[in-house]
Amino acid sequence: MGKGFFISKTVGILGIIAGVGALATIIALSVVYSQEKGKNNNQNEEQTTSKPPTTTPIPSNKPWDKYRLPKNLVPETYNVTLWPRLTPDPTTGLYTFLGSSVVDFECVEDTDLILIHSNKLNYTEFENQLARLMSVSSVEAPAIKSSWLQGVTQYLVLELDGTLKKGHKYRLYTEFIGELADDLGGFYRSEYMEDGEKRVMATTQMQPTDARKSFPCFDEPAMKAYFFITLIHDRGTTALSNGKDIVFERTEKMSTYLLAFIVSDYDSIGNSIDGVEIRIFARRSAIAAGQGQYALNKTGPILKFFEQYYNATYPLPKSDQIAIPDFNAGAMENWGLITYRETALLYDEAFSSNSNKEKIATIIAHELAHMWFGNLVTLRWWNDLWLNEGFASYVEYLGANNAEPEWNVTDLIVLGDIHRVFAIDALASSHPLSSKEEDIQTPAQISELFDAISYSKGASVLRMLSDFLTEDVFQLGLRSYLSAFSFGNAVYTDLWYHLQKAADSSKLELPDTLDNIMNTWVLQMGFPVVTINTGTGSVSQQHFLLDPEAVVTTPSPFNYQWIIPIKWMMTGNMQNPLWLTSKSAMKATQDQWVLANVNMVGYYRVNYDDDNWAKLLDVLQSNHQVRQRMIVNVAQILDDAFNLARAKIISTVQALNTTKYLSNERDYIPWKAALNNLDFFYLMFDRSEVYGPMQDYLVKKVSPLFEYYKQMTDNSSKVPDGHMDQIHPNLRSTVYCNAIAAGGKKEWDFAWSQFIKNDSTAIESDKLRYALSCTKQPWLLNRYLEYTLDPDMIRKQDATATIVDIASNVVGQSLAWDFVRARWSYIFSQYGGGSFSFSNLVNGVTKRFSTEFELQQLKQFKADNSDVGFGSGTLALDQSIERTIANIKWVEENKENVLDWFTTEANAQ
């Protein structure tokens, strides 16, 4: 079929861009864009060859030098037309998109200046200005006196020869061109192979501050507006946006970061539930292979669950979900058009493991939860990001549990979020959940907030809140909050207000106002360890720090004291919940034992007197029935003990003693908690003489578990042998990794060939990509590191994860660290600007550090690259330095005892 283009909605006031005029405009703007890009590239090259002297910029009070928009203009409606070119321009070789935008806004305070966000866009000039201004009310619009692009703060600046009048409405028109780059931000391109041919699609990722790369806009969450989106696209391709297509309806009132528009040749499957259209889009081969069916089957039920949970109808007529080959985040909750990594949406029974399926269900639930909490009601500013992401990270387990009730997914929050974030929040370099609004200004500062504190601590604290309020009261307040702020913006204290109302109406007794209780968890960093002496009954708290000698420089308005809810049991019997006060008492007789923080609903650790610890270990070892009733708390006992030991509150030997019972354990959650903590011992000692006895001990403990599952699987006869495509999906990662580790170049090259030719199953590619990092050959790992910076070899979305995988290999750790140090400037410029994965990269390549030499290297790395920057990894770098200092002390103090313990226990009968 011959090529042409479609217009995805009636263009209306913008007219139709067509024919020779359109082509001429594109070519002309492309040339200009190419020239400007060339200048920028030349400037970058000059900077790399000769570093300019460091200068301190002179502070400016000019509005365009401030990162926050003034509040004098409020957008109402955008009408945006975009034409992505999915083939490179023959003149410049660039992939580009052409656009035009009309934004209607109201002036709420007289001003002679318009600031609107714009980044990496080149504009058509009208009478020597970069925009046209018109009035849509009774007053005449002033002329534009001067206009320019302010690069650092990312504004299109328009100075006016007159004043915009309060209460009147105006219209701003622009035409522009941008590069459809492969940088995973804003309006960008993704490439993939299908049927042996390269395909190109145009897609978006706006959050947090990249809508401005797609069109000029008031790019702050509180600047909600209605959007009419028009996409011009080639015949044979499909256009998608937030509204229903082919004629894109006006969106609901929404924030710019939730916009999405995509042009591809994808296929889809779909159904509907109660009038809501549900569609799954993916590469044609993936749809043909049935990889979208699981997501389609679960989306409707999860949507209905959240409708009931929120007591609010899904606010849109459709729910599209699309798998993108190149996507930096796991998924993005664009309203009505959710984007995913392929591995987060597509499921193939032949290749996907149970854990892949569980991940897909929880990620879908996370994104659908945002349709109300985050999209319908949106944070006012990014300092409260934790409430948005923390809430979705909590209720994703509820949504997934509803979709897959046999999995018991809700308990996995303990491993996936609480234990995970404890490791970070126990550092003196942690940060509170909520920051002051004035402290979060720049795009880099905003990106830093997308960390484990916002997601996992947010989820953990909200789960605790839901528990002590009761789920019924929590839902009552939540529903009131959503109703009050629908299609608007809120701050976290607005939720507290509505939850307090619900608690009051339910006659729920609390020790203080909800605001005062929760502020101790939201406005100060860290968490407490609750210490219980069952002999005297005394209960106390203190700020838990992984390194007790670390200096806490961040002041706390509450002196690092928390208002703590405690659920507890005595000798297996639940007691009345209590709040930690000076009068709290948990006294036990000689025959009784105490267990606090039942089901680990509280965000704190627990320590006991030695007698109670001994009684708990006896329960683990000898009382199977009680242990079975408290699986989550078994994991808690293990995790608390190991971390209390690292903090020098109990001995390391006492912590190791908690693992003796593992010979009798068959459940996943306790084993996973134990292995997570023993992994720290591997990181510290897998380059030392401790490694051998440690391995012997673990083999001894895991052998009964192996025999148990050997019988369950009929001596593994239910798992067929043979070629690669016959390995059971649950075993693929382990089999691939061990095969490559045991092999050499031949095995590695074979796996690489399978990886590069696998263009049909993303999950299989992901398993192979990880397995390639398992080789023990340093030269192969070095070659693999070089591949990570070639997007034709390793997708940009996977580059940092692959480097971390290599660093996780004991052979590859120093290679990865040397590679990152040598290439940091390039890595940061190509992958780091808006990447949320840089904190994972910094933590991943330094997690083994435990020597003074490595500490000095880390500090030198920070000093050498201070002018380059670290983006979202800035805080992670400080945390890595603090963690390394703690590791050095721990190894010095514990190595001999640990070696003796493992040697003795490995040989014990």
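The backbone N, Cα and C atoms fix where each Cβ goes, and this holds for glycine too.
Since we're looking at a predicted model, the values are computed, not measured.
What TrEMBL says about this one:
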ACT_SITE  GLU367  active site, proton acceptor
DOMAIN    74-258  domain 'Aminopeptidase N-like N-terminal'
DOMAIN    294-521  domain 'Peptidase M1 membrane alanine aminopeptidase'
DOMAIN    593-713  domain 'ERAP1-like C-terminal'
DOMAIN    721-883  domain 'ERAP1-like C-terminal'
REGION    38-64  region 'Disordered'
SITE      TYR455  site 'Transition state stabilizer'
TRANSMEM  12-33  transmembrane segment
Residues in the domain 'ERAP1-like C-terminal' (593-713) grouped by DSSP into helix, strand and remaining coil: 89 helix, 7 strand, 25 coil
Stretch among 294-521, 593-713, 721-883 sharing the most Cβ pairs under 8 Å with the domain 'Aminopeptidase N-like N-terminal' (74-258): 294-521
Whole-number Å value for how far GLU367 (active site, proton acceptor) lies from TYR455 (site 'Transition state stabilizer') (Cα to Cα): 13
The domain 'Aminopeptidase N-like N-terminal' (74-258) [mean pLDDT, rounded to integer]: 95
